[in-house]
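Enquirer: Heads up, here are the entries from TrEMBL:
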DOMAIN    131-259  domain 'TFIID subunit TAF5 NTD2'
REGION    306-357  region 'Disordered'
COMPBIAS  306-317  compositional bias 'Acidic residues'
COMPBIAS  329-340  compositional bias 'Basic and acidic residues'
REPEAT    388-429  repeat 'WD'
REPEAT    461-496  repeat 'WD'
REPEAT    503-534  repeat 'WD'
REPEAT    545-586  repeat 'WD'
REPEAT    587-620  repeat 'WD'
REPEAT    629-661  repeat 'WD'
Amino acid sequence: DRQTLVAVLQFLRRSNLRESEEILRREARLLGDDLGAAALRGSVATIASSSPGVAAVAAVPPGKGGAGAGAVGSVSRVGGRPLPAEPLGTERGCASRSVSVVLGHKGSVSGVVVEDQPDVSAVLSAYNQQGDPTLYEEYYSGLKHFIECSLDCHRAELSQLFYPLFVHMYLELVYNQHESEAKSFFERFHGDQECYYQDDLRVLSSLTKKEHMKGNETMLDFRTSKFVLRISRDSYQLLKRHLQEKQNNQIWNIVQEHLYIDIFDGMPRSKQQIDAMVGSLAGEAKREANKAKVFFGLLKEPEFDVPLDDEDEEGENEEGKPKKKKPKKDSVGSKSKKQDPNAPPQNRIPLPELKDSDKLDKVMNVKEAARRVRLGPECLPSICFYTFLNAYQGLTAVDITDDSSMIVGGFADSTVRVWSVTPKKLRSVKTAADLSLIDKESDDVLERIMDEKTASELKILYGHSGPVYGTSFSPDRNYLLSCSEDGTVRLWSLQTFTCLVGYKGHNYPVWDTQFSPYGYYFVSGGHDRVARLWATDHYQPLRIFAGHLADVTCTRFHPNSNYIATGSADRTVRLWDVLNGNCVRIFTGHKGPIHSLAFSPNGRFLATGATDGRVLLWDIGHGLMVGELKGHTDTIYALRFSRDGEILASGSMDNTVRLWDAFKAFEDLETDDFTTATGHINLPENSQELLLGTYMTKSTPVVHLHFTRRNLLLAAGAYSSQ
């Protein structure tokens with residue numbers, strides 16, 4: 001396109017890149033006079049603009065091997081259609097997020113907008129292509145025929161093109177108001193798409209007019225984020241040759257403009273290797289996305305003295321913590337003397353200081369751990385199920401404190417209810433007037449400040465104005481978080497059972513919230529597609545993690561608190577760095593929205609569960625899927641590793657709890673460099689061997705799981721009578 005060329009040449013001249021300008025002019029056979037004349041006619045705006053394809057232009061002077069075509073290729077492209085003589089493209093679309101180019105149709109000129117959420121009409125105008133609408137079916141079926149007749153080894157890889165091409169061609173027809181052609185195109189080819197795209201196709205089928213596309217977020221996302229396909233070089237060459245021979249420009253334009261083809265060298269992947277990884281809203285993750293270093297090791301535990309004289313526990317005060325005894329030195333508290341080589345630096349992010357009560361709690365924890373049952377295939381945990389009966393208010397969230405002394409339920413009637421699970425009742429602190437009468441020096445001052453008159457085993461917290469979708473106890477059991485459809489996250493005191501703060505940042509429902517394992521920080525995720533990191537003493541979020549293409553449905557802190565995992569309805573899981581807010585891992589493979597996440601206690605692995613009934617296991621360090629556990633027949637809402645990481649428990653809407661052998665699943669992983677480089681994962685077909693037990697409830701979907709400090713498994717859910 002001549003205008004584009006002229007604009008590029010002007011830009012190169014202004015930037016004093018004479019050499020590149022000369023090369024490009026020679027290639028395009030444009031003389032200096034032409035350039036001047038074009039400029040005089042004023043037909044070209046400045047180069048923060050152009051027809052499709054020229055975003056920020058990276059001008060590269062010709063290197064040793066790269067005069068001529070090579071240099072042109074490097075000049076002429078950062079994310080759109082290529083200028084002529086483009087060398088074989090490898091990884092495209094690097095500019096798709098940072099500079100969103102407003103693409104006009106051929107010959108039109110429009111400005112570049114540097115922002116993340118592009119203007120709707122500008123985004124859609126990219127579909128303003130003048131292809132012959134009657135030939136779309138022919139183009140598509142021609143490509144389909146070519147792919148189905150290609151060799152088996154290429155067919156599986158090239159079949160990944162069907163879905164994104166189908167969507168973009170359909171949208172192009174709708175946008176250009178060829179409604180009957182669009183309808184016939186949809187009806188003819190929608191049955192060929194993979195079953196896991198059914199929900200997306202249902203949304204697509206409702207878009208039949210240009211006006212419908214304006215307000216549809218899903219389609220906007222599909223349009224702005226390039227669909228990522230991972231294809232071997234051989235398969236890519238085959239496709240390129242076919243499209244060039246057939247002069248099939250309509251399809252080639254879509255491939256160039258809307259797809260990001262991540263090319264790798266080596267054997268093409270098999271159908272099952274591809275099926276394991278695809279299915280998310282924007283295709284697979286680019287391999288580059290999972291290359292950053294992640295400090296997945298655990299932080300060193302602080303050292304403190306553990307009293308050894310294990311007298312009977314009459315000396316417990318109301319907190320369930322022993323009174324301070326004369327400590328005798330013991331090394332149990334300092335069990336991790338060596339620094340884990342994969343751990344982040346101790347001061348990488350500021351963590352709160354340990355209070356005395358925290359130290360006492362750690363002492364209790366160490367004692368409990370000494371009596372912990374070692375689980376394994378021969379020794380499965382007992383399961384204690386807490387059923388919420390007559391929960392006609394609609395149970396929507398559950399959490400259990402780390403020491404298993406309290407359980408909280410969030411309900412659709414906007415209440416938060418806290419129960420004591422031990423014989424000890426829940427009591428509030430006395431009023432200020434009564435507190436002033438207490439002798440502050442007495443030994444049992446902590447006992448005296450509690451008001452016996454308020455003792456009860458249930459406390460109801462009122463404040464939200466919509467269903468409560470997430471709850472989380474702080475590690476020290478002094479606070480409780482709840483998040484709701486009303487767009488707020490509330491922090492409650494468990495000393496006074498009142499609301500201390502309402503955090504307003506999300507404008508839409510907040511689906512999940514969780515405290516950091518060290519307290520102080522917490523994360524929330526919601527319908528606005530972002531997760532936010534907060535600190536209890538700031539009313540504004542500290543970090544906003546943006547990148548998901550649909551609701552953030554669940555959130556989890558890594559055990560070392562330096563990272564946060566988020567699961568989303570876009571069918572991907574992302575791992576974010578708390579320090580700088582970067583996304584350091586993108587995991588694709590689930591075929592439905594993700595509803596549960598669990599980190600292994602050693603911090604190396606992540607388990608994820610979704611509406612597709614599969615549990616996927618991920619190696620965080622290598623950024624690879626390492627296992628798939630099949631067995632559940634409905635959404636998995638709860639996942640939890642036992643305290644020593646030997647067993648993974650999963651709870652589902654299919655009314656079962658299943659136990660899996662996590663030790664065996666992670667035992668001998670082959671993560672060689674080739675696998676990490678190409679993503680050729682070989683999932684063992686042994687998920688039935690890893691299943692240690694299935695436990696049915698009568699009619700209670702499982703919404704929460706928790707291992708006590710001694711490895712008893714607690715499960716919770718609300719009985720449903722239908």
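Glycine is no exception: its Cβ is also placed from the backbone N, Cα and C atoms.
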Enquirer: What does DSSP give as the helix, strand and coil breakdown of the repeat 'WD' (461-496)?
Expert: 0 helix, 19 strand, 17 coil
Enquirer: For the repeat 'WD' (587-620), provide the mean pLDDT of the predicted model.
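Expert: Summarising the repeat 'WD' (587-620) by its mean pLDDT gives 94.
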Enquirer: So, by DSSP, how many helix, strand and coil residues make up the repeat 'WD' (388-429)?
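Expert: The composition, in the requested order, is 0 helix, 20 strand, 22 coil.
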